[in-house]
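This report refers to the structure that appears directly beneath it.
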């Protein structure tokens, strides 16, 4: 038995849970009633999403509908839910193995649609499922561009967030490792878009963090103090594309004075790079005893099974502070040859001949 698509569609629109279940249970499974569509080629899942009914979505999922079915507008259920900000429905669809990435013939994927709508919590969900944060829209933009420039269709989520001035969204995207140097079709970075739209509060996340890491790597204490004090609101734990914070950079470069300053200013001593490396691990691997003490005093913890960190390149300079000078760059201290004993005379030896000049 199958009552027909129009009846099922109407039941979904009416929110008649019991009737929907009864029809689906009594229908011939070979007819795939859960894949019924309306007159606009919208599946039952699409209709339930449009009605903001996660309970009906959950019911439909029990009958294994085509979770990647694309509507006439080219949207999968996950893309439709992401664009509407339906957090619970997005979570349900992802739990049932919906793809978190954009389909080839979709104009935008879930992360682009969530970013454009400013749905921070929705964006987080596909990212947790491994969505490619740097994925492009059909017309060549990433989520970063979309978050920057007011709903432009030719940029990344970061561009969009920057254009909208959405600081929380920008920080989430950067935290997930989005490449902030990607340019949109007009050749602009997310920072360029934020500048163009006058979103000064985004300058820190998009640019000043880079300056902080660069100053830390060079050991420029005064520059760091200026960035922290003058450019108030700067994120002291902002990261570069490898997930390095200023503290990581200062530790790796051996600048103990900078490390001490950053720790005093509240830098996260437990922060990890994209590869999971903490500042203390870098210091221990390079045998920076003084810097390790600073980090431990600042709250850094030592844990077992820490990944080894490759030695720092010879081109990196060392700090000039007192603590920095005690850094040992070799795996074992140099052994000194024992000095030969010398006879020490307590008085003038008159038996020696005197030279006459």
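Numbers run from 1 along the shown chain.
Backbone N, Cα and C atoms are what each Cβ position is placed from, and that goes for glycine too.
Quick look at what TrEMBL annotates:
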- 40-72: repeat 'ANK' (REPEAT)
- 106-138: repeat 'ANK' (REPEAT)
- 153-185: repeat 'ANK' (REPEAT)
- 242-274: repeat 'ANK' (REPEAT)
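For the repeat 'ANK' (40-72), the number of residues in each DSSP class (helix H, G, I; strand E, B; coil) is 15 helix, 1 strand, 17 coil. Broken down with DSSP, the repeat 'ANK' (242-274) shows 17 helix, 0 strand, 16 coil. Under DSSP, residues within the repeat 'ANK' (106-138) fall into helix, strand and coil as 17 helix, 0 strand, 16 coil. Averaged across the repeat 'ANK' (153-185), pLDDT for the predicted model comes to 70.
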